[in-house]
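A short worksheet on the structure shown next.
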Amino acid sequence: AIMKMDGSQQEENLEVISTGSLGLDLALGVGGLPRGRIVEIFGPESSGKTTLCLEAVAQCQKNGGVCAFVDAEHAFDPVYARKLGVKVEELYLSQPDTGEQALEICDTLVRSGGIDMVVVDSVAALVPKAEIEGDMGDSHVGLQARLMSQALRKLTGHIKKTNTLVVFINQIRMKIGVMFGSPETTTGGNALKFYSSVRLDIRRTGSIKKGEEVLGNETRVKVIKNKVAPPFRQAEFDILYGEGISWEGELIDIGVKNDIINKSGAWYSYNGAK
């Protein structure tokens, strides 16, 4: 298909799905995760990757969207998802056996046109069939990278046509022998880095404590890549155990930053009210 961009083809505003974090929506520059695009969320273990995705799923469902969760890690917790506001009974869940099966399911869901958001958790768990059927200790160099490269070539066109948001969760690995620069890299080769319109680096920066009891994590998200707005912005928010992103805490922090709320010591005041 070929078209001339002379105005006859109506240019529409970019549709987005909120992340559930006000600060992160602002950092993304467009108000959320862009539809019709691929998004990669990566970070260390227990940094809040799945929580952030489930928060976005809950926001999508709130606006009448249909969501699917491809759980390659076989670790989906419906009780926790429900606490974050996910309507579990309306969520399509798949727990595939192989990487090929997971990506085929993802492609089928996208091509159907009936799904608004697909989450793949995680790229590291997309094990090629040859590796599953082989013996422990067998060498399968580059198999997963080749699988991801082929799948993304197929997926990217369908994602644009159906205006579906596809989020890939990814893990971090260390490169051996790196003297300069960061030794960290993500799994599954380089293809996902190229095909992603947005890449988010999520890190746990500290703990939220009440006395000795740990109530949650302080979290920082950096927008490492952004094709729809300026990149390298960042957002900080709290993730409370069993509750998810602390919306009230984030609202107060943004209010203080923009001089809407006054802070003096441990007190916050707005229009004279403390």
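Glycine is no exception: its Cβ is also placed from the backbone N, Cα and C atoms.
Copied over from Swiss-Prot, here are the features:
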type	residues	note
BINDING	Gly43, Pro44, Glu45, Ser46, Ser47, Gly48, Lys49, Thr50	ATP binding site
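Neighbour density at the Cβ, taken as the number of other Cβ atoms within 10 Å, is lowest among the binding-site residues Gly43, Pro44, Gly48 for Pro44. Same-chain neighbours of the ATP site beyond Gly43, Pro44, Glu45, Ser46, Ser47, Gly48, Lys49, Thr50, judged by a C-beta within 8 angstroms of the site's C-beta center, are, in sequence order, Ile202, Arg204.
Summarising the environment of Ser47 (ATP binding site), the number of other Cβ atoms within 10 Å of its Cβ, over all protein chains shown, is 23. With every protein chain in view, the residue among the binding-site residues Ser46, Thr50 whose Cβ has the most Cβ partners within 10 Å turns out to be Thr50.
Taking the Cβ of Glu45 (ATP binding site) as reference, residues of its chain lying under 8 Å away and at least six apart in sequence are, in sequence order, Gln171.
Taking the Cβ of Lys49 (ATP binding site) as centre and 10 Å as the limit, one finds 21 other Cβ atoms among all the protein chains shown.
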